[in-house]
Every structure is written in C-alpha cells, then in structure tokens.
Amino acid sequence: MAKDKIIIKGARENNLKNVNLEIPKEKLIVFTGLSGSGKSSLAFNTIYAEGRRRYIESLSAYARQFLGGNEKPDVDSIEGLSPSISIDQKTTSHNPRSTVGTVTEIYDYLRLLYARVGTPFCINGHGIINASSIKEIVLNIANDTDEEEQIYILAPIARQQKGTYKDKLEKLQTEGFIRVKINGEILLLNEEIELDKNKKHDIDIVVDRLIYKNNDEIRSRIYSAIEVGLKYSSGLIKTFYPQSKKEEKLFSTNYSCSVCGFTIPEMEPRLLSFNAPLGACGDCSGLGVKLEADPELIIPDKNMSINQGGIVYFKNLVGSDNLEWQKLRTLCDYYYIDLDLAIKDLTPKQIKAILWGSDEPIELKLISANGRKYESYDYLEGIATLLNRRYFETSSEEARKYYAKFMASNTCASCKGARLNPTALSIKINNASIFDFTQMSIAEELDFLLNVTLTSAQEKIANLVLKEIISRVSFLNEVGLNYLNLSRNATTLSGGEAQRIRLAKQIGSQLSGILYVLDEPSIGLHQRDNDKLIGTLKHLRDLGNTLIVVEHDEDTMKESDWIVDVGPGAGEHGGKIVFSGTYEQIIKDKNSITGRYLSGLEKIDVPKKRRGGNGKKLEIVGATENNLKNINVTVPLGKFVTITGVSGSGKSTLLEDIIYKGIHKSLSKEQVIAGKYKEIKGLENIDKVIYISQEPIGKTPRSNPATYTGVFDDIRDLYAESPEAKIRGYKKGRFSFNVIGGRCEHCQGDGIITISMQFMPSVEVLCEICEGRRYNDETLQVKFKGKNISDVLNMTIEEASHFFENIPQIKTKLDAILEVGLGYIRLGQSATTLSGGEAQRVKLSTYLLKKATGKTLFLLDEPTTGLHIDDVKRLIMVLNRLVDLGNSVITIEHNLDFIKVSDYIIDLGPEGGSGGGKVVVAGTPEQIALNEISYTAKYLREYLK
C-alpha cells in the first residue's frame with residue numbers, strides 16, 4: 001500500500017460512475033467541476049464518510065451511540081486514508097446564547113484573564129475598588145495613626161438603611177458589645193435607643209477602643225478586633241479618631257467601595273459568564289435581548305389614524321363596545337388624542353401613553369355588552385403593556401401565536417445588550433470591561449492584547465492565558481474574519497463565516513496527519529482576504545495534513561498542489577474524473593471545461609455596452625443600521641446592479657435590512673421591522689420587491705422542486721385526465737403522496753421507513769411495501785406514455801422536459817429550471833438535500849415565467865455560491881433576461897467575473913466592521929476601476945482587460 005497516496009477504487013455514491021482515483025497525501029488538493037457533477041459526493045460522501053466511519057468503528061459500542069452517521073459509502077476500497085475532519089458551511093449554532101467568543105472558546109480564556117488580573121470599579125463612579133487582607137488593613141491603620149492617638153475599630157452593620165434595629169441592638173448587647181456609633185454619635189447599648197423606622201441610618205459596632213502604640217501587642221489587638229468585626233460587617237472595617245477628628249477610613253476584605261459600600265463577590269470566571277446566574281443580567285437572563293411588544297409592529301403605518309386601523313390590534317374593534325376599545329378611548333380622551341389624526345402627527349407624550357399607558361390614575365367608566373357598568377380609578381395599560389402581559393400570561397397556544405405577531409427581540413434596556421450584570425461589567429483591564437473587549441473587531445482586539453499594560457505581578461499571572469487568547473484571535477484574523485467581534489451572535493453567521501471559524505480552531509489545534517475536507521471556504525470572502533485564507537490552508541498542509549477543498553475559486557486552484565476535475569457535465573452527465581493533476585497540466589487539457597476557462601480559451605465576456613436603465617431610481621437616505629454610517633445610496637432601476645465590498649462592510653445590512661425590509665414594509669403594510677434609515681425615495685417606481693434567499697424551498701423532506709414550482713399540480717392534473725384514471729374514478733388528489741388515498745400507507749408516502757437502532761444511529765430503509773415508490777399499486781397502474789407518477793418524480797428535470805415535450809404547460813416550467821442550470825436535479829428530490837445555491841436557483845426559475853410589470857425589484861445575496869464559472873455564465877444570462885424583461889436586479893457578490901458584467905456597482909467599505917459602512921464609490925465597472933481607494937477596483941481592473 002502506497003504511503004504517500006490516497007487510492008479510491010469503485011466509488012459509486014449518488015451519480016459517481018465507478019470512479020477510480022489516486023491523489024497525493026499531505027498536499028492541498030482542489031476538487032472542482034460543474035454544479036451537480038459529483039464533487040461533494042466524492043469528497044464528502046465517499047472519502048470523508050469512509051474516514052469517519054473507520055474511526056467510529058474503532059470505538060466501543062457505548063461511545064458509538066453518541067455518534068450518528070456511520071453508514072459505509074458505496075465504494076469498493078479506499079487505501080491510505082487518515083482520520084478525517086469535515087469543515088463544512090453549516091451554521092455554527094442555533095443556540096441564542098452562543099457567540100463567536102463562546103464557539104471559539106476565546107471567551108472562556110477571557111473570563112479567566114479578567115478574573116485574575118482585572119481591576120474592579122465602583123458602579124456609582126467612585127473609582128477603583130480594592131480588597132485587602134487583615135494584615136494589610138493593620139499595616140494601613142498603623143501608617144495612618146500617630147503614637148498615643150485614640151482610635152476606635154468599627155464594624156458597619158447598616159449603611160443608609162431604614163428600620164428601628166431594636167432586636168439587632170439588643171442581640172449585640174447580649175453578645176458583649178458595649179457601644180455603637182449611630183448616625184455619627186457614639187451611644188451605649190444599655191441606653192434606650194429609639195430609631196425612626198422611616199429614616200435611613202448608619203450603624204457601626206464599636207469593636208474596640210485603644211490608645212495606639214507602635215508595638216506588636218497593640219498591632220495584635222487591632223488584628224483581633226478586625227477579625228471579630230468582620231464576622232458582623234460582611235467584610236467591612238472602619239477606623240474612627242474621636243480626638244484628632246481625622247477622616248474616617250473604610251477597609252474591606254472584599255472588593256468594596258469605601259464611599260458607597262458597593263461590593264462585588266470574589267472575582268472568579270463564573271462572575272463574568274452570562275450563562276451563570278452570578279454574572280448574567282437579571283432582566284434578560286444573559287441573552288442580551290428581551291422578547292417584548294415592538295412599537296413598529298403595533299403601529300406599522302404611522303400615516304394612518306387610530307380610527308383608520310393604525311393600531312393593528314384594534315383594527316377590527318374601532319367603534320365597537322369592546323371593553324379594550326373603551327379603555328383606549330378613555331386613555332385618548334385623557335391625553336387629548338384625536339382618533340382621526342395620523343399617528344405620526346401625535347406628540348411623543350401621546351404616543352407614549354398609547355403604547356405604555358398612563359402616568360397617573362384615570363377615572364374609568366365601562367359598559368359591557370349586556371349593559372353592566374364598571375367604574376374604577378386606576379392606571380390604564382397601554383397597548384404594548386397589554387400585549388406583553390397577555391403574551392406571557394396566556395395558556396392558549398393559539399392566543400400566544402397571535403400576540404407573537406406584535407413581539408420582537410429587542411436589546412435589553414438594563415444591560416444594553418451586554419448580557420452581564422453591572423457587577424461583572426465593573427471589572428476592567430486598561431479601562432475596558434469584558435463586554436467592551438468583545439465589542440471590538442478581531443483586528444482591534446488583537447491590537448488591544450498586544451499593547452495591554454499590566455504590572456509585573458499581573459504579567460506573571462496572565463502570561464499563559466494572554467498567549468492563548470492572542471493565538472486564537474490571530475487565527476481568526478488570518479482566515480479573513482478581522483471584521484467580526486466576539487459578542488456577535490453565532491446564529492447570525494453565514495455558512496462561510498462559520499466554516500472559517502472552525503478552520504481557525506483547527507489551526508489552533510496544531511494537529512498533523514489529518515485529512516481535512518472543506519466545502520468552498522472562499523464563500524463570502526472578498527478577493528483582498530482570499531490570500532490570507534489560502535495562506536491558512538497552506539499552513540495546515542505544512543503541518544503534515546492532507547487538504548481536500550471543494551472549490552471554484554481560480555486563485556485557490558492556482559495555489560493548489562493538485563486539481564481533480566469532476567464531470568464532464570452535471571447529474572447523469574457527470575460522475576467521472578475528467579482530469580487529475582497539477583494546475584500547469586489542467587490549463588493544457590482541452591477536454592476539461594475548468595481547464596478551458598483557466599487557460600482563457602473560454603471566458604465570460606465584458607459587455608460591449610452597459611444598459612442605460614429606465615431613467616428611474618431608488619434613493620435611500622440616512623441609513624444607519626449596524627455599521628452603516630448615515631449613508632445615502634442611489635440605486636438606478638431597470639439595471640443589473642451589484643453591491644460589492646470587503647467582508648463586514650455593510651452589504652447584507654444595506655440589501656436585506658434597509659432595501660428589502662424597508663420597501664417590503666412600505667408596499668405591503670405588513671408588520672416588518674426594517675433597519676434604521678430616514679427615508680426611501682422612489683417607491684412609486686416599484687410595485688413588488690422579491691428577496692431570493694438561499695433558504696431551503698421547504699422545511700420537510702416531502703418538499704421538492706416539483707411541488708415548489710407548481711409543476712406537480714399540472715402533472716397530477718394530467719394523470720387524473722388519463723383514460724385509466726377516469727375509468728377508476730381517480731381525482732387529482734389520488735396522485736399526491738401527502739394525502740390518504742393514493743399513497744402507500746405503510747410509509748405514508750415517504751418511500752422510506754426510519755428504524756430506531758437504540759445505541760446505533762437511526763437507519764432509513766426502503767419501504768418493503770412500495771419499494772420506495774411512495775404510492776400504492778392501484779395508483780401506480782395509471783400511466784402516461786408508459787410511466788407512472790413515481791417514475792416521473794424520479795426523473796431529472798432534463799429527462800422530464802423531454803418526456804413532457806408535447807405538454808406546453810408542464811414543459812415551460814421545467815425548461816425554466818433547466819435555464820437556471822438545474823437539469824440534473826430530480827423532480828421529486830427532497831428539498832433538504834438541495835444546497836443553498838440550488839434552492840436559490842429553483843426559486844429564481846419560478847420568476848422567469850411570470851409576466852413582467854417593469855416595476856419588480858429582485859434582490860439576491862451571493863447568487864454564485866457553489867457555482868462553477870460555466871454555471872456563473874448561465875446565471876448571468878438568466879439575470880440579464882430578468883432585467884431585459886423590464887425588471888431591476890440588485891445582488892451582493894464577490895465573484896469578479898460576475899461583477900464585471902454588472903451595469904452599475906455600489907462599493908461599500910473601505911474596511912469591514914467599524915471601518916466600513918460608507919459608500920466608497922458608485923458607478924459602472926469602468927468608473928469603479930479608476931478609483932484608487934476601493935479594494936474592489938484594485939482587483940476588477942484585471943478582469944476588465
């Protein structure tokens with residue numbers, strides 16, 4: 001067996017056609033090819049799956065029960081395989097408590113650092129808080145006290161607190177204490193002491209009185225007095241000089257403020273965790289956000305009056321005898337609110353009353369539907385207060401779903417999104433709390449850590465922890481994530497960002513002899529940061545690892561050691577090894593479509609002329625969401641527009657939060673929370689805005705391209721009209737696998753049965769009744785051109801297009817899917833098996849058939865994700881067709897072949913994170929290329945030649 005190669009024989013997963021392949025070990029290997037050609041089937045479903053299976057097989061049955069997915073891939077043999085790790089694009093976490101800091105484990109080290117060398121500050125602004133040992137307190141007292149000076153050692157038991165303290169004082173007397181100092185006056189405990197229970201008092205126990213002498217006996221006595229006092233005072237000791245009238249001093253063995261008494265418990269990592277009750281904000285339980293009624297959802301259109309239904313909750317109650325409506329009328333009368341005046345014209349005080357209720361009690365008179373009268377004098381609830389209460393109090397799931405329409409997760413007002421309580425936030429290093437640190441970008445954090453100022457003692461304590469944090473932050477910086485911050489919620493990360501975070505963790509592990517399989521790590525990365533990523537991949541390789549990277553990026557291919565081109569086509573036309581060798585060899589291979597593009601034999605041409613558009617435009621004024629810096633953006637309509645910029649520059653915020661949600665909210669009048677902006681002008685030029693995301697086309701395995709595009713309805717109609725169906729009395733519903741009648745009831749139309757294997761992963765097996773065909777025998781006897789409904793669902797889009805060539809209504813829809821380059825997927829293929837890019841193109845295909853109004857705006861975020869350059873060429877043709885039909889298209893993209901064919905570019909930046917959020921330059925690609933500041937311009941110039 002060759003030790004320097006991985007040898008695959010007879011791989012047949014999915015569309016692979018008995019593939020044999022040899023690839024070198026400890027090299028950077030790129031798997032490329034058209035979408036659907038079989039790259040992922042070979043890299044992930046075969047090589048990675050077998051490496052993982054062999055490792056799991058070596059474990060005990062007990063350990064295997066916790067590790068799913070142990071099926072053997074369809075391959076004859078693989079030799080030279082190492083333990084394998086997959087770094088894919090799945091979202092890091094769905095847990096709202098997960099942040100970039102927690103998933104990278106940097107936050108754990110940060111908590112340790114702050115607990116060991118952080119400095120606590122008084123939350124009331126009284127400066128640094130110090131903790132002292134008893135020995136240090138004695139030393140301080142000795143330094144402060146003159147020879148033969150009288151001194152009292154006091155133990156504070158009440159500081160500005162109300163009460164009579166009668167029982168407490170009596171107990172102190174029985175315990176042997178003689179004097180107390182109350183509100184500045186020394187009193188004997190055997191005297192009658194009466195305190196006003198409604199006034200605040202300062203009470204100190206006089207533990208000892210002595211004449212100070214600089215000798216061991218007196219110091220020992222002070223030490224003993226302090227020990228006794230600490231038992232009563234929660235760690236506080238005061239000194240009082242009755243004769244010299246020196247200023248009283250407060251000492252603490254805890255971290256306690258000498259001015260206001262603010263005290264923090266022992267500084268430990270748990271105190272700085274938002275997942276522990278000790279450190280978490282009490283109001284939001286450490287989430288940083290609270291679910292509460294949102295004014296934007298309660299009053300989505302402020303141009304409407306209350307009587308016009310401006311408050312959605314009361315829309316159908318206006319003018320009724322409903323008791324809630326009567327309460328609102330009373331509230332409006334009290335605050336002189338005109339029910340026919342547009343809500344935007346009401347005063348802030350009036351809107352506050354509508355939302356949050358009255359500031360004072362109001363006389364309320366109600367009459368129920370049966371004529372009963374109710375009177376009260378009380379505070380009235382506002383609509384937001386009412387919805388908050390109803391949402392959390394109701395036991396009805398249906399009611400909760402209704403109230404949820406008005407609820408949103410808003411930043412917690414108590415902690416301002418910091419997730420921690422004031423005590424945890426009071427601990428600082430170089431004047432930055434742990435939250436302040438996590439709010440910095442990765443690049444800023446690195447600079448902070450490298451320049452942090454510590455004492456020599458602190459340096460000794462923090463040395464190892466600091467090195468670990470710097471190392472991990474550096475790795476994030478190296479993989480192009482310098483714009484992220486550690487407090488970023490992990491659920492908001494893109495697939496590419498999540499993948500690069502996992503990649504950074506692997507670099508930190510310093511493992512060697514591992515087989516890493518990566519899925520397009522360059523996704524979402526600007527060309528500027530690509531070099532960093534490639535350097536990281538090479539670093540992993542140089543540690544002695546083998547890297548298989550499924551990738552379409554030209555620079556990654558150029559820098560790789562080996563390229564495997566899978567194809568030649570997609571689906572049934574793919575599954576073969578077209579080429580295996582070096583970059584220098586593939587550019588000479590004319591049989592490889594990848595080689596032809598890399599060598600320049602084929603290319604995406606720069607348009608000879610840019611579109612002029614329809615002369616209309618959209619104007620976004622004052623966008624300030626996330627890192628957008630109060631920008632004004634003009635978007636010409638009737639054009640193919642691309643938003644560019646480095647990662648984290650604000651592209652997605654502008655496209656989704658401002659343009660999509662802002663326009664959608666205005667056009668639909670729906671309850672949508674858009675990003676922050678002042679105004680969007682030109683809305684009269686748009687009648688519909690469509691955001692084509694990469695979310696799945698369905699949430700269950702039953703969803704598929706046939707059901708999503710609607711073509712399955714037409715196919716079922718066709719089968720229901722067949723002579724055999726009419727004879728049997730079968731209607732359209734008979735041919736649905738979702739309803740009782742025509743489906744196989746044993747598997748309920750799934751075609752598979754899932755069997756629980758207890759300590760083994762669940763196994764999916766073909767239904768033994770229908771043998772995976774989903775329908776019962778009677779239904780399958782109805783045929784069209786010799787094929788039953790199950791046969792049709794098993795066809796690829798390309799096969800189905802030929803099969804239904806004489807049925808225009810069906811063929812037209814199938815041809816639209818073909819046009820977006822998805823001829824290889826099957827009609828009945830489960831939605832859960834489609835990639836994000838494939839799902840996006842299925843959605844796109846449905847709009848190619850719709851009649852254009854000339855006012856539709858299409859929005860797409862990185863549509864070239866997962867696409868080979870030949871697929872990108874086809875996608876560009878589809879988007880151009882949409883624009884030629886009179887529509888407008890705005891995309892976010894990093895692919896320079898895609899960017900160069902745009903009619904207009906809006907480049908954001910110049911940097912990511914806090915250094916971005918500005919419009920660097922806007923214009924045609926030729927105009928952009930002339931800009932000296934834009935990073936996009938720097939790389940675009942070469943592509944325009």
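Cβ coordinates are placed from backbone N, Cα and C, and glycine is handled just like the others.
Among the features that TrEMBL reports, ATP binding site is placed at 33-40, 645-652. S37 (ATP binding site) has a Cβ environment of 30 other Cβ atoms inside 10 Å.
The zinc finger annotation in TrEMBL covers 257-284 (among others). Helix, strand and coil counts from DSSP across the zinc finger (257-284) read 4 helix, 3 strand, 21 coil.
Feature annotation from TrEMBL assigns domain 'ABC transporter' to 364-599 (among others). In this model, the domain 'ABC transporter' (364-599) carries an average pLDDT of 91.
Here TrEMBL flags 601-941 (among others) as domain 'ABC transporter'.
Per TrEMBL, zinc finger is recorded for 744-770 (among others).
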Positions on the same chain near the zinc finger (257-284), where near means CB under 8 A and six or more residues out | 97, 108, 110-112, 114-116, 118, 120, 122-124, 126, 129, 156, 159, 234-236, 249-251, 290, 412-415, 418-421, 423-424, 426-427, 434
Those residues of the chain, 6+ apart, with a Cβ under 8 Å from that of K39 (ATP binding site) = F31, T32, G33, V550, V566
Tell me the Cβ contacts of S647 (ATP binding site) under 8 Å, same chain only and six or more apart in sequence, or just say none.
-> G480, L481, Y483, E497, G524, L525, H526, D529, G912
Reduced to three states, what secondary structure does DSSP give G33 (ATP binding site)?
-> strand
Of S35, S649 (the binding-site residues), the residue whose Cβ has the fewest other Cβ atoms within 10 Å = S35
Cβ density check for G33 (ATP binding site), other Cβ within 10 Å (all protein chains) comes to 30
